[in-house]
Amino acid sequence: MFSRLAARLPKASALNGVAARQVRNLSQPAITGSKGRNMPAREPRTTAAATGAEATFTIRDGPVFQGTAFGANTNISGEAVFTTSLVGYPESMTDPSYRGQILVFTQPLIGNYGVPSNERDEFNLLKYFESPHIQCAGIVVSDVATQYSHWTAVQSLGEWCASEGIPAISGVDTRAIVTYLREQGSSLARISIGDEYDADEDEGFIDPGQINLVKRVSTKAPFVVTNPNAKFHVALIDCGVKENILRSLVSRGASVTVFPYNYPIHKVAENFDGVFISNGPGDPTHCQETVYNLAKLMETSPIPIMGICLGHQLLALAVGAKTIKLKYGNRAHNIPALDLTTGQCHITSQNHGYAVDISTLPSDFKEYFVNLNDGSNEGMMHKTRPIFSTQFHPEAKGGPMDSSYLFDKYMENVELFKSNSQVYRDNRPTQFMIDILSKERVGVEPTPLSNAA
């Protein structure tokens with residue numbers, strides 16, 4: 001495995017080719033922190049607690065598990081996936097990338113440190129959650145802690161699930177569930193409280209893979225997350241952005257304008273110093289508007305671009321590559337990813353069910369990171385332009401911060417781009433010099449700029 005990967009290690013090369021353009025400030029109302037998120041309204045959810053009731057976890061065309069309910073007294077269906085993360089369940093459950101999925105925790109005991117408050121930081125971003133609400137459809141655990149202890153905790157996991165309308169089941173064999181999902185792949189499943197549905201009733205299973213989930217988690221209108229000492233202005237395409245991605249940008253000196261996933265970003269790129277594409281849920285091929293807009297952006301602007309997770313996949317589609325669905329995905333806080341430019345290995349946080357088919361990547365891009373567990377692609381970079389993306393999450397939350405330096409790399413690209421733009425603006429030739437140089441070069445009267453194509 002390592003010998004094969006070593007052969008793929010290219011020499012590191014600096015990003016260059018940054019062209020110049022004039023930077024202007026976009027006229028947008030500055031909304032305090034992520035309170036500006038205008039997420040689509042959800043259907044009313046049942047909030048009655050179902051603690052202690054009988055519950056059933058049914059995998060379509062697979063085994064049925066009997067357990068005990070906690071959380072909301074409601075039935076749901078979705079795609080069953082598992083995470084091997086030991087901690088960080090509040091962050092995982094509020095990660096929009098889990099939208100439409102039933103999350104199975106392999107860690108035997110969940111909930112022992114409770115659920116924290118919705119406190120916000122100095123940028124008015126949520127400190128302990130990655131979005132304002134639970135995003136997964138339901139959770140499955142081996143054992144749930146009914147008593148909790150932590151200085152930030154304000155309620156139990158069961159109380160939180162009930163208040164958010166999320167059903168949950170405990171007392172089931174999560175090892176058997178994960179073994180099935182690893183062998184058969186991620187499967188449709190449902191959680192039922194009380195009497196179980198007919199196991200053969202297809203109407204009881206909803207496939208979130210057939211739905212544009214990004215549309216359900218993306219903001220409906222642009223908003224701005226401000227930094228009072230901002231030196232840069234970044235446009236972020238919201239496909240289901242995590243709070244810590246916003247924090248990672250704002251804390252590095254940027255004000256961030258967040259746009260809906262299908263916003264024609266290429267039409268406003270000249271107002272920004274960089275473009276960022278966020279994480280998000282579901283099949284990237286559902287976001288054709290985003291793919292088109294990104295392709296137009298790269299055709300018309302040399303602006304620095306960075307993508308994470310779904311943003312990485314959308315960027316790959318925009319340059320002509322293809323994506324594939326993984327058998328059971330990668331969802332953990334301890335997955336090794338090899339940097340092919342340096343040979344260094346990073347332990348990364350991951351949450352995805354799709355990956356970029358590296359064999360379809362165009363010649364002007366190269367593979368950046370590779371997964372040391374399964375050999376799947378974990379990143380790509382342009383050979384000459386300041387464009388790169390990662391499949392894993394350098395912002396973590398939860399997970400290790402090994403790769404957080406990638407945000408520094410992106411901001412260096414942004415700073416260089418802005419400074420080059422300033423040099424261009426300060427040194428543009430005057431109309432007089434354009435006329436003189438044109439006459440000397442071709443010996444004819446130059447075409448007036450106002451009439452030039």
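Glycine residues also receive a Cβ, built from the backbone N, Cα and C atoms like all the rest.
Feature annotations, reproduced from Swiss-Prot:
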- H393: active site (ACT_SITE)
- E395: active site (ACT_SITE)
- S97, G280, G282, L310, Q313, N351, G353, Y354: L-glutamine binding site (BINDING)
- 233-420: domain 'Glutamine amidotransferase type-1' (DOMAIN)
- 26-50: region 'Disordered' (REGION)
- 1-33: transit peptide (TRANSIT)
Output field, L-glutamine shell: CB within 8 Å of site CB centroid, site S97, G280, G282, L310, Q313, N351, G353, Y354 dropped = N279, P281, D283, P284, C309, H352
Euclidean distance between Cα atoms of G353 (L-glutamine binding site) and H393 (active site), Å | 14
If you count other Cβ atoms within 10 Å of each one's Cβ, which of the binding-site residues S97, N351 has the most?
-> S97
For G282 (L-glutamine binding site), the same-chain residues 6+ apart in sequence with C-beta under 8 angstroms from its C-beta are R99, G100, P208, G209, I211, N212, L213, V214, L310
Quick one: give me the count of other CB atoms within 10 A of the CB of Q313 (L-glutamine binding site).
-> 30
If you count the other Cβ atoms within 10 Å of each Cβ, which of the binding-site residues G280, G353 comes out on top?
-> G280
Greatest inter-residue Cα distance in Å for the L-glutamine-binding set S97, G280, G282, L310, Q313, N351, G353, Y354 = 13
Under 8 Å by Cβ from E395 (active site), same chain, sequence gap 6 or more = K242, N244, I245, R247, S248, I308, S404, F407
For the domain 'Glutamine amidotransferase type-1' (233-420), the mean pLDDT of the predicted model | 97
Using a 10 angstroms cut-off on Cβ to Cβ distances, just flag whichever of L310, Y354, H393 is the loneliest among these recorded positions.
-> Y354
Going by DSSP, give the three-state secondary structure for G280 (L-glutamine binding site).
-> coil
